[in-house]
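Here's the structure, in structure tokens; my notes come after.
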Amino acid sequence: MIRSTDPVLSATSPAIWAARLLGVAVVYYLGARLGLLIPYVGTHVSLVWLPTGIAIAAYLRWGGLMSIGVMAAAFAVNVEIGGPPWMGLGIAAGNALGPWLSTRLLRRWGFDPALTRRNDLGVYLLAAMAGMVVTASNGTAWLRVAGLLPESIWVSAWMSWWVGDAVGALLGGVPLVALTAATSRTTFGGRAGLINLLLLGVVLVCGTLSFSPWVAPALLFPLLSLPLFVTAVLALRAGVLAASLSVLLLSGAVAWGTANGVGPFAGHDPHAGLLALWSYITAQACTSVLICALAAELLSSQRQQAALFEHANEGILLVGPDGRVGALNPSASALLGIEPADVLGRPLAELAHTGAALAKWLAAAQPSAPVSPDLQLTRGDGRTLQIEPQTARHIDARGQWQTQLMLRDVTERKEAQARLAANEELLRLITNNLPALIAYFDREHRFVFANQTYADWFGIAPDSLIGRTFGDCLGAAFHAARKPVMDEVLRSGRRQTLEGLTDRGGRERHLRSTYVPDVRSDGSVAGLYAMSMDISELKAVEAQLRQLARVDHLTGLANRLQFDDRLHEALRRARRTALKPALLYIDIDHFKGINDRHGHAAGDAVLTEFARRLKGAVRDTDTVARLGGDEFVVLLEQLHDQDEARRVASKIHAVMQTPFDLAAGFLPATASIGVGLLTGDVDARSLKALMATADAALYEAKHAGRNTFRLRTHGENPA
């Protein structure tokens, strides 16, 4: 017996694989010999071909390698009954390929070998019939080539081959596929398993006696009919394995007796007798399959109901017509604080602490209105519960009314509702004292709620707003600015934010309004919540921060961020005119020494004074910036010639010659200046070119001994 259906070659030793191959070949050969005892067309075509089911089961359990055993056995059988070896080899290949194709289809279609689902049997039959098209077509083709099958009966032979293989896949395959250690224990274990074995024995005895010379003709009909009833009982009691084994045993006995010329089908015309035999076996097989499918569906439904009963969040008690408790689920046991063993079979009214109240409520509940008001129960531990009870009545298999009493613990919900009611006034008090407009609007933009801030800001009493539209209360212009956003919230169900100015109430306010949809449980939007905050002070601070982010905090000059913006703007303007800009890079000479000798406070004073002098040496329209440390830059625009830049550089150089008046005394601080100029048209490369030219000019000024300036034009070679 195999415990796995996964063909994992590397996990099994060669000896075990050899034993499996040999076992498959032997069983296939014996099944083939049994089928050929009663051939229907010629010597090679049988109406019941069990080897197809054997091959499918072997492939499902151990993989496609079992085709070696299948081909070997099929070849041996075909050569033994007559025909050239090449024909036997061709038929054997088809007999191996057809079941393999069926197996591939079963795996693709999600077939469960346990056959616990209703559609598993249908999938198995469909895959088997599809695969047997290959075996029938291949086998009859080789018989035609070998001259053993006349053309006049080819269609009949093909149909017989296909039907025989399909029935064999059902008879031989289903029990072998369903046979596992688990199903064997379930089917044949314990007292119930012994009864199942006895029933299988009854089927075998009936089949053997029906097709033996020892039974009087008058007893044949009861003996032939009894297996059908027993098989149905096995299908309902034990499932697929027992029912399919029953049909297989019966089919073997019937085939053996008919092949030996005894039984009710042996006295007919050979073809008519074989057809009657096939019809009998097929009827047994199909009936068992249908019953097993229905039983599987019933079992699945019962398991689902049992799972719902066991795992339901609500407590469920099953009460019989006599008022006794037949069952209760774990939730009911935990909810009522009782153990199942203490209450099963007892009247509901006798349950400790809660039984009387439950029985009274159940007696008052009407089938036409099973939901009644909430019920209050007190458990044995003194805990009081608020219960929402509900009943459902049904007729069981014995025809008796059963009542399901479902108990939902709503204690927390009731307590939450009480807390909510108690907190509503507190919530209104809080919203009335928040520095924000808070309101709720319906879908027509009518006020449903408004807080006291509407009166504080706009002089409108909240009660006077209720039931009126936004526009009626706060003006058409105020509403028009917000209506598109409110409509979008109501349409999309998504939160929206809007900022804007309003001068209602005699004061200009910058409001940030947030609109949140009120979404019902069904997904529709009932209205929206609105909260508007006065962010005027925040906006003023933001403006100050934006300004500070663009200014050097020590000198008050533009910083690098503002300078970069000014430089890009200057180049854009230069593209439209013939006037070019100039860029001055300025470094304080030996500034590190000033910091080292006099301290950072003196250094900061030098930077501040340097910036003041620099700002005074240029036009108001020129940009002066501190890039960092002792690095300064001046951007000159609208220059007609190079001399203008030269004069500015000379002026800056001159104003820096006067020593700096500091608290510690007078301190000299000169500057090195590099002037960069552009020639030609201004384009995308001009920015880097201008900066590189100014930097090179600054380097020349420092190389010349500092305290001077140098002027360079883009493209000019160093002097």
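Backbone N, Cα and C atoms are what each Cβ position is placed from, and that goes for glycine too.
Curation does not apply to TrEMBL; its annotations are automatic.
If you look up TrEMBL, you'll see 15-36, 48-77, 83-101, 121-141, 161-182, 194-212, 218-236, 243-263 marked as transmembrane segment. The annotation domain 'PAS' is assigned in TrEMBL to 301-353, 423-497. Look at TrEMBL and you will find 371-422, 495-547 tagged as domain 'PAC'. According to TrEMBL, the feature domain 'GGDEF' maps to 579-714.
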Discussion item. Using a Cβ cut-off under 8 Å, which residues of the same chain at least 6 positions beyond either end of the transmembrane segment (121-141) come close to it?
Written reply: 44-45, 52-53, 56, 90-91, 93-95, 97-103, 105-106, 109-111, 115, 149, 154, 157-159, 161-162, 165-166, 169-170, 173-174, 177, 240, 289, 292-293, 296
Discussion item. Please compute the mean pLDDT of the model over the domain 'GGDEF' (579-714).
Written reply: 87
Worksheet item: When DSSP states are grouped into helix, strand and coil, how many residues of the domain 'GGDEF' (579-714) land in each?
Response: 57 helix, 42 strand, 37 coil
Fill in: Residue distribution over DSSP helix, strand and coil in the domain 'PAC' (495-547)
15 helix, 28 strand, 10 coil
Fill in: Residue counts (helix, strand, coil, in that order) that DSSP gives for the domain 'PAS' (301-353)
25 helix, 11 strand, 17 coil
